[in-house]
Amino acid sequence: MEDIGNNNFEIIDDKSDEKNDENFEDKNSRNNINEEQILSNQQQQQQQQQQQQQQQQQQQQQQQQQQQQQQEQQQFKNEVINTLHPKQPNNEYSLSSLSLSPQTPQINLSEKLISDNSNLNSNSNNNNKDIESGIQTKIKNIENRRNSINSDSSGTFNNEITNGRSNDNEIININNNVGVQVTFENICYKVLNKKYNEQKKIIKKLESGKIDIEDIESQVNKLPIDRIIEKELTILSNVSGIVEKGEMVALMGPSGSGKSTLLDILANRKSTGTITGKILVNGKEIGEAYKMFCSYVTQEEVFLETSTVYETLKFHADLRLPDMTDTEKDIRIKQVLKDVGLDRKLNSKIGGILPGGMIVKGLSGGEKKRVSIGCALVTNPSLLFLDEPTSGLDSLNSLKVMKVLLELTKMKGVTVVCSVHQPRPEIFYLFSNIMVVLKGRMVYSGSNILEYLSSIDSNYKCPPQMNPADFILDVCDEIVNNPSQYSTTVDTWEKYWKHEIQPTISNDPINIDIPKRVGFIYQYWVCQKRSYQSFVRNRVVFFSKIVIAILIGLLFSACFGTVGYDGLDQNEAQSVSALFFFIITSLNLLPYSSISTFVSIRTLFNSERASKIYHPFPYFIGSMLIEIVSSFFVVLIITTIIYCIVHLRWSFEAYILSLISFYMVFLASVFMVIAMSNIAGTVDLTFSYCTGVSVVLVLFSGFLVPINSLPDSFGWIHHIDYLFYGFSSIVIIQYRDFEFQCPQPPIPCLYSNGNNLIEFLGLKNWEYNKSIGILTIWIAFFYILAYIGLYKFNKEKR
């Protein structure tokens, strides 16, 4: 038993030793962990201390920078007082809380504006704070503008854009000689009120008792008679603003606010209404020379689809830069294409859908917009106006186009003004200045519109995740619906414009170099060359005319090919007369296939005429020459096929005279269709007009009803029917002194010769030369009418 107990005791001792060893190891491991934690804590403390030191250093640097900025601001404010507001005896203003020299009264501008505004608004205490905070914001805007001008004068431009803008640390040289400052003062625009005359007529009828009240009850809501309607509608009223050189300005406002109207007036593109006010370039009125400084890019891209990018710009360069050589024009065009990012698309076609339905592959929508910008930049303008440059483009192409415009302001010093509606935030922050037009009045112009709106009302703060453009339009809507707020906003801007902005108008000298106008002959040559290129490249339309001419010739030849094979008798003579009638009728209807072409070309012409690239007359002559030449080949094919198959009077003289008659008829029809398309302006109206005219022409052409059989009441109509003169000329050529074969008795011989048939048709006293002469007069008439329609009707009205 003792042995067993001793053994157990030994076992217990062994276990206790093992436990002691384990405890010792645990203690060591814990000690190691504690040491590691201590080391890591020490390292963290050291890092925190280093971070604190860095933060302190950054704070010190920021404080130093703020102090420097405050000093610079104070210096600038002193400069503003001395430069913009010179000392005057008893009337002098200061910016915000800045005072003048001790010798003069210290009048605060914000206090001056507040006192003026208190006469207009009973709630002056609240509005005064808003106005004063708005003035403070405007001071910041002037400081920013002054800083940008200082940076420009040093020949460098530092583009550091935040809040969605691109970062660009490159220093770019600016050509300040290109840019100009544009100021517009008290711009007013009025148009005639159509309802004024309507109301006047109704009131006159009511006074005379010729109309009852019950008859006009349906019109009372649309045309009130209880108040006098103004004779003119005011679209813009006393709009003033300033655009500095090298700025990219956004002209914003709700739909119908007048922003597009203001843009058209600034771009000298308004063709209707009454415009008053002044537009100054570097503080000077320069009259017609203003056109030399600006270019305009329309919302729609209208180009010739078959032209290349280079040819499109070359066309503008040839007509706008007459003093340049071809080599200089080539260099200018390639530089412009490089500026707009199209240097790799030099020989690419514009592309689009041709009038015949053929699709020409070409540029994308954004690239076409850049071509429009390139055409405007060919003349190296100082001002570039764009109407909705992002309209119809996706977000990516819109951003690309706007970045191109931004680069132009930096690289070339070009001043860019765009009318925009709701740009995306990335585009909004690209603009250096924002102008807001509301109900035909200017309510803001500056670089910090969001701060300005918040200064007007504390509720006008843009949420961080909201598009600033959407926010601005929402605020504009609220201001419009609040008459007192709208009146206060407009008055505040007008007072600020008068006292703060207007004195900063530049007086820099202007070097006006008005280029010579291109001569008519050169304009004709350039337009004719482009028309020829388009004609050659659009082969579908021309070949379709050729195919139709061949089919008409073969079809008529198949139907009348056996006539007169054994000699022409009186029955076959009537068939040949029917052949002549159908040929002339076909030649009258064949130009209808080109109506869509004529209308589409008219759209291009209107766009180019609005830009005053060329005079309409040389353009018209150049484009009509192509129609004259192509028409001859169509008539030549039809006449030759019929003369070779149908047994007509064969002689070279008869063939040539017949060809002339058919060609004159076809040419008159072509010019008639062109005249109708120029007057109507649309494909549908042109078809309607031409169809009505053709029915009358065919009916009185002299075949269906001989002119001797027409009643006296409307028998004169054949005298104004050019188809009649064509039909009479061809009948005289074929039948005069031509012997017919008489039938065997008892069938009477009605026409023993062609003279009898000519007499039956009432053409006894007609001569070939007389018919051709009158036909020539009709061709000249339609030619002149086509030009008048091009020149006077369906102009681009803006």
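Note: Cβ is positioned from N, Cα and C throughout, glycine not excepted.
Quantities reported herein were computed from a predicted structural model and do not represent experimental measurements.
As given in Swiss-Prot:
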- 1-51: region 'Disordered' (REGION)
- 12-29: compositional bias 'Basic and acidic residues' (COMPBIAS)
- 30-41: compositional bias 'Polar residues' (COMPBIAS)
- 34-83: coiled coil (COILED)
- 42-51: compositional bias 'Low complexity' (COMPBIAS)
- 211-464: domain 'ABC transporter' (DOMAIN)
- Gly253, Pro254, Ser255, Gly256, Ser257, Gly258, Lys259, Ser260: ATP binding site (BINDING)
- 540-560: transmembrane segment (TRANSMEM)
- 540-793: domain 'ABC transmembrane type-2' (DOMAIN)
- 579-599: transmembrane segment (TRANSMEM)
- 628-648: transmembrane segment (TRANSMEM)
- 656-676: transmembrane segment (TRANSMEM)
- 687-707: transmembrane segment (TRANSMEM)
- 713-733: transmembrane segment (TRANSMEM)
- 771-791: transmembrane segment (TRANSMEM)
Below 8 Å between Cβ atoms, which of the listed ranges 540-560, 656-676, 713-733 makes the most pairs with the transmembrane segment (771-791)? 656-676
On average, residues of the coiled coil (34-83) score a pLDDT of 62
In the same chain, residues at least 6 away from the ends of the transmembrane segment (579-599) whose Cβ sits under 8 Å of its Cβ atoms read 355-356, 541, 544-545, 548-549, 552, 556, 559-560, 563, 634-635, 638, 642, 646, 662, 665-666, 669-670, 672-674, 677-678, 681-683, 686-687, 690, 694, 697-698, 701, 703-704, 723, 726-727, 730-731, 734
If we skip the immediate neighbours and take only residues 6+ beyond the ends of the transmembrane segment (656-676), which ones have a Cβ under 8 Å from one of its Cβ atoms? 583-584, 587-592, 594-595, 598, 624, 627-628, 631-632, 634-636, 638-639, 643, 648, 686, 689-690, 693, 722-723, 726, 729-730, 733-734, 768, 771-772, 775-776, 778-779, 782-783, 785-786, 788-789
Counting across all protein chains present, how many other Cβ atoms fall within 10 Å of the Cβ of Ser255 (ATP binding site)? 8
May I ask for the residues of the chain that lie six or more residues beyond the transmembrane segment (713-733) and have a Cβ under 8 Å from a Cβ within it? 577, 580-581, 584-585, 587-588, 649, 654, 657-658, 661-662, 664-665, 668, 696-698, 700-703, 707, 757-758, 761, 763, 766-768, 771-772, 774-775, 778
Around Gly256 (ATP binding site), how many other C-beta atoms are within 10 angstroms of its C-beta? 11
For Pro254 (ATP binding site), which residues in the same chain are close in space, meaning a Cβ under 8 Å from its Cβ, but six or more apart along the sequence? Leu438, Leu473, Cys476, Asp477, Val480
Where does Ser260 (ATP binding site) sit by DSSP, helix, strand or coil? helix
Listed binding-site residues (Ser257, Ser260), ranked by Cβ neighbours within 10 Å, top entry: Ser257
DSSP says what for the compositional bias 'Low complexity' (42-51): how many helix, strand, coil residues? 10 helix, 0 strand, 0 coil
Please list, in sequence order, the residues in the chain of Gly253 (ATP binding site) that are at least six apart in sequence and whose C-beta is under 8 Å away from its C-beta. Lys259, Val436, Val437, Leu438, Cys476
In the same chain, which residue numbers or ranges, 6 or more beyond the ends of the transmembrane segment (540-560), come under 8 angstroms Cβ to Cβ? 354-356, 358, 575-576, 579, 582-583, 586, 590, 593-594, 597, 630, 633-635, 637-642, 644-646
Near the transmembrane segment (687-707), which same-chain residues lie under 8 Å Cβ to Cβ, leaving out any that are not at least 6 residues past its ends? 577-578, 580-581, 584-585, 588-589, 592, 595, 672-673, 676, 679-680, 715, 717-718, 721-724, 726-728, 760-763
Which residues in the same chain, at least 6 apart in sequence, have a Cβ under 8 Å from the Cβ of Gly258 (ATP binding site)? Tyr189, Ile235, Leu236, Val239, Val437, Lys439, Gly440
According to DSSP, does Gly253 (ATP binding site) fall in a helix, a strand, or coil? coil
